[in-house]
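According to TrEMBL:
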| type | residues | note |
| --- | --- | --- |
| DOMAIN | 30-274 | domain 'Nodulin-like' |
| TRANSMEM | 31-54 | transmembrane segment |
| TRANSMEM | 95-116 | transmembrane segment |
| TRANSMEM | 162-184 | transmembrane segment |
| TRANSMEM | 190-210 | transmembrane segment |
| TRANSMEM | 222-244 | transmembrane segment |
| TRANSMEM | 256-275 | transmembrane segment |
| TRANSMEM | 341-367 | transmembrane segment |
| DOMAIN | 349-562 | domain 'NFD4 C-terminal' |
| TRANSMEM | 421-440 | transmembrane segment |
| TRANSMEM | 446-468 | transmembrane segment |
| TRANSMEM | 535-556 | transmembrane segment |
């Protein structure tokens, strides 16, 4: 009995002694890094909430609609111009990128909150533009820190990874809305404070867990990502149900608290999946006579200097000579597709030009539709509550588009060698249908258009990011993917401000003229009727169709590349390890 008691005690002490090393193993693992990235990306979508708190900015600071639209433009500018974060990410560690993003997020939105709550003197308009641009730009640092690192850690599952991460960003607006209603009640000024501190805190908490790690390919990797997908779909469906119910029923703050508790449970289920996978790796590591599994303990990749030391002396000398060349020396001497392009080689390539034009047409048109959805509903006579449902539908289907494009394009690519740009062509053609439903509306057609536009809008970004990583390599991916999305704000400005806005105002002025009134006699130009957006969205549909044809050119150019094994380099590296 004493021996049995002693053996039980020794087993218990052995388990306790293993608990701490296992906990360290989990926190340092790739799967915990994925979980941390999900949370950071779920906090990186504050720009989608501008419609919630913009009314408070307008009323508190006495702005007119033109000034508020100017703030909205600087918000979009900050959110989409991420070249700076990409360049910083090339030369600094991930933790530094995340800390800069955290500081920018808190500084920008906290200053807006101080201004709106009159805790500081009323700032000048350009101050507010600067604040919101800095706050919105912080999401690019989250993208560069979390998204780029995860793609490099799971290069053979990049489409799936991009779909999941951008999907959580798409849900962040709905998640933040539930949290702020539970914590602060229906006080949209406090929403700005929540946006200031919560994403910043998430980046700080997980700042050292997200980093480049040893490239290891697990046999069950895709199955794990599907488990993450099921959890995120359940979260999206729950949020959609809450949005619908809360439109119909008046919730108390306690009811909102219950809703947020369920949301938090869904957000932390991936932690359980991560622990399960790390436990499998931990047990494999302990098995005797199985040395390769020890390499699943993730380590930071070798530095350039270490790699040079490992090379033979001749190749080391050649590499050092290459590094002394001017960055302009090989601009037009491009490597094969899939190899690591230099930044200028990629930016000046025909493939990048085609991607830029397709993105300008596709994302520019989609952004224009999303930004005008409220006024589209108003012009067609929908009530306010219904219009807010359109916006919610766009948000949820934006998520479904992101995860769908990531998972389905990856599956088609791996199983049937279908070029990923072809998926982009189909998504743009689908977007055309959404624009035409607004141009030629039927009863209830805006509901369908909201779903189509939200889905196609969400599907485009993961496809763009994955294609850039596949064609131009991962060496300078931090900068290249941020350069790739520059077409989005440019397209939005041209198509939203210079096309849709001007045509809408022209139709509104026609209505005023019919009534015998002048522009000066009304405070706000409002157009009512199906003609308000008919010409504008016919043009948007035509431009999106042109973008689909341009992307088809990229399909033709890259079809041979996608017929090969584009992940061969990464699988060989993992096998060598």
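Each Cβ is built from the backbone N, Cα and C atoms, and glycine gets one as well.
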Other parts of the chain folded back onto the transmembrane segment (162-184), taken as Cβ under 8 Å at six or more residues beyond its ends:
37-38, 41-46, 48-49, 52, 139, 146-147, 150-151, 190-191, 193-195, 198, 225, 228-229, 232, 235-236, 239-240, 242-243, 251, 253, 256-257, 259-260, 263, 267, 392, 395-396, 398-407, 410, 458, 461-462, 465-466
Counting Cβ pairs under 8 Å that are 6 or more apart in sequence, does the total for the transmembrane segment (535-556) and the transmembrane segment (421-440) reach three or more?
yes
Cβ pairs under 8 Å only, please: of the recorded stretches 31-54, 222-244, 421-440, which one is richest in them relative to the transmembrane segment (446-468)?
421-440
Please report, as numbers and ranges, the same-chain residues at least 6 past the borders of the transmembrane segment (190-210) whose CB is under 8 Å from any CB of it.
27-28, 32-33, 36-37, 39-40, 43-44, 46, 49, 52-53, 56, 94-95, 98-99, 101-103, 105-106, 108-110, 112-113, 116, 135, 138, 142, 145-146, 149-150, 176, 179-180, 183-184
On the 0 to 100 pLDDT scale, where does the domain 'NFD4 C-terminal' (349-562) sit on average?
91
